[in-house]
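Participant: Encoded as structure tokens, here's the structure I'll be asking about.
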Ligand code: PAF
């Protein structure tokens, strides 16, 4: 696996693969890779002949008081994991390479409909940062397909909307959330948790599952269900940002007649913000 740091080298390597008739897959990441990322690369390698991964801690998607400076940078370990998972080319640019004109006044991509809800309302500008950098990566690599994890459910929806509405010629493939044995969704930010917080963290998923079971059993008073679980999560020591039952595709607040649902949560444990979700389709028994 080669690592390149410039757009010029990236384009040259991808062009070579194209000339050989290869299908190109892209797995965009911010590094500090775990088994969830490895699963994205494995899927990419099953679906395409040439897998490009990117590692770029994108300043544009971090708020002023967020963890841009402390976000773990672990390039050597990441390279090893990518190689093991079947990656062919790693693009690991600097901030200057990605944003040579700086970030002020930059042309941006906004998926307006979905970006200001949920995480977007708590992290203003976050999804514009994501859609802008993902668009740039798509333009640089021009992949046939790109893989994203379902753990970042809203991000996936925002990217799908961007691709569809801007006619981007790339197929978006989603990969199920990878969880630790105790149910905690793997995340690069889990490393911030203290031992005590780490022991508590899987409770979030337990609550999502309990809500999902209640809805499957017939509960339709989503407001009451949410309030009940918010109180319980708070009592455990979380500071919930939101807990919502939404339509799985539109992400609009769920109506009692909706059958395809997603329950989404964001909650702080200390200074660490955890997100998770559970998808349930009342027609398929998922
Ligand atoms: O999910 C992430 O790691 C990031 O948001 C992404 C998609 C790589 C864009 O920076």
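Every residue number used here counts from 1 along the chain in the order it is shown.
Backbone N, Cα and C define each Cβ position, glycine as well.
From TrEMBL, for reference:
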ACT_SITE  37  active site, proton donor
BINDING   30-37, 149-152, 178, 186-189  ATP binding site
BINDING   61  beta-alanine binding site
BINDING   61, 155  (R)-pantoate binding site
Participant: Please check the recorded positions 30, 36, 37, 150, 178 against ligand 1 and give me the ones with CB under 6 A, sequence order.
Facilitator: 30
Participant: Where does residue 188 (ATP binding site) sit in the DSSP three-state scheme?
Facilitator: helix
Participant: For residue 36 (ATP binding site), what is the secondary structure by DSSP, using just helix, strand and coil?
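Facilitator: SS state of residue 36 (ATP binding site) = helix.
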Participant: How far is it from residue 188 (ATP binding site) to residue 37 (active site, proton donor), counting Cα to Cα, in Å?
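Facilitator: Roughly 10 Å, rounded to the nearest whole number.
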Participant: Tell me, by DSSP, whether residue 178 (ATP binding site) is helix, strand or coil?
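Facilitator: For residue 178 (ATP binding site) - judged by DSSP and reduced to three states - the answer is coil.
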Participant: Is it possible to get the count of other C-beta atoms within 10 angstroms of the C-beta of residue 37 (active site, proton donor)?
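Facilitator: I count 27 other Cβ atoms within 10 Å of it.
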Participant: Please give me the CB contact count at 10 A for residue 30 (ATP binding site), counting all chains in the structure.
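Facilitator: If we count other Cβ atoms within 10 Å of residue 30 (ATP binding site), we arrive at 18.
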Participant: Are there residues of the same chain, six or more positions away from residue 155 ((R)-pantoate binding site), whose CB falls under 8 angstroms from its CB, and which are they?
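Facilitator: Listed in sequence order, they are 119, 127, 130, 148.
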